[in-house]
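Going by TrEMBL, these are the annotated features:
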| type | residues | note |
| --- | --- | --- |
| BINDING | 153, 213 | Mg(2+) binding site |
| TRANSMEM | 6-30 | transmembrane segment |
| TRANSMEM | 51-70 | transmembrane segment |
| TRANSMEM | 76-96 | transmembrane segment |
| TRANSMEM | 108-125 | transmembrane segment |
| TRANSMEM | 131-148 | transmembrane segment |
| TRANSMEM | 160-179 | transmembrane segment |
| TRANSMEM | 185-202 | transmembrane segment |
| TRANSMEM | 209-228 | transmembrane segment |
| TRANSMEM | 240-259 | transmembrane segment |
| TRANSMEM | 288-310 | transmembrane segment |
| TRANSMEM | 316-337 | transmembrane segment |
């Protein structure tokens, strides 16, 4: 048997193993039963185990170096090592926070340190000197990583929304990566997709367990780092939009909610139930349908990225923004109409 087919067989075997071992570990975490007790912001009504992200991340970390070795990808390069270290650090702090409910300042410090580690490994925006060069690119990259990590964590409040959106996004990233000049993301993206697929049946449509911060924040950091890697490596003039396009449904909901709450005079740091997905759920819409719509927005973002990738920077940016905003504005309008028919109180 030739080397290539045998390597391919082993790589695919790793992916199936990821689904199996994630499912096994998630079942174990359900038995451990670190409970998330419902509060005024919660979409669930009964105490539900959290920490399913332990199964996702543990499986990913065990199989990632094996898969890299099988497929001939670097394991000891600075970007890979520091991104792995950053993700492990954030996962550990997030899991301890799931257990002990640490102050937000500790979580934020861990996010900042993790973001700095990723950028220190060379994964950052490649800005030209006229735009500030490497220094400004590094600063913006850290800000991006902290923002997207928090955004994904904020949006992890409905069954299957984050785990499914990221699974769909990872699958698309694996398929489109070679066309965007990042074939090295093919197997890592498929691996994370497989891990999330191993978790998803326990969280959607009915939640037997939640990802917890250990899952949402770690996956958020990896998603942000992948977006930076695409922007740094792609040969397409507007190929950098791939990551933001796939994540745009989450980005829009978070930014829209922040702006709306600021204009309404509400505190931006106070816990609330004002995200669009929460408003839809409070108005009586089936949460499974809300989640499916969010997955559909990810697929739409992939189509937008493919369309604008060959364009020059400015037309690519403008076209992508317009095409991404269109369904989100319709989604927002639908939320307004729905809450008029079924009032939910303050957003």
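Glycine is treated like the rest: Cβ placed from N, Cα and C.
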With Cβ distances under 8 Å as the criterion, find the stretch in 6-30, 76-96, 160-179, 209-228, 240-259 that has the most pairs with the transmembrane segment (51-70).
6-30
Test of understanding: applying the rule of at least three C-beta pairs under 8 Å (pairs 6 or more apart in sequence), is the transmembrane segment (288-310) touching the transmembrane segment (209-228)?
no
Please determine whether the transmembrane segment (160-179) and the transmembrane segment (76-96) are in contact (criterion: at least three Cβ-Cβ distances under 8 Å, sequence separation 6 or more).
no
Among 131-148, 240-259, 288-310, stretch most in contact with the transmembrane segment (108-125) (C-beta, under 8 angstroms):
131-148
For the transmembrane segment (240-259), could you work out the same-chain residues 6 or more beyond its ends whose Cβ comes under 8 Å from its Cβ atoms?
148, 150-152, 154-155, 162, 165, 169, 172-173, 176, 180, 223-224, 226-228, 230-231, 234, 268, 272, 274-277, 294, 297-298, 301-302, 304-305, 308-309, 316-317, 320, 324-325, 328, 332
Cβ pairs under 8 Å only, please: of the recorded stretches 6-30, 76-96, 131-148, 185-202, 288-310, which one is richest in them relative to the transmembrane segment (316-337)?
288-310
Long-range Cβ contacts under 8 Å made by the transmembrane segment (185-202), restricted to residues 6 or more beyond its ends, are 11, 14-16, 18-23, 26-27, 30, 52-53, 55-57, 59-60, 63-64, 67-68, 71, 73, 160, 163-164, 166-167, 170-171, 173-174, 177-178, 208-209, 211, 215, 219, 222, 226, 229-230
Chain residues in Cβ proximity to the transmembrane segment (288-310) (below 8 Å; excluding those fewer than six residues from its ends, i.e. six or more beyond)
158-161, 164-165, 168-169, 172, 176, 179-180, 204-205, 234, 236-239, 241-242, 245-250, 277, 280-281, 316-317, 319-320, 323-324, 327-328, 331
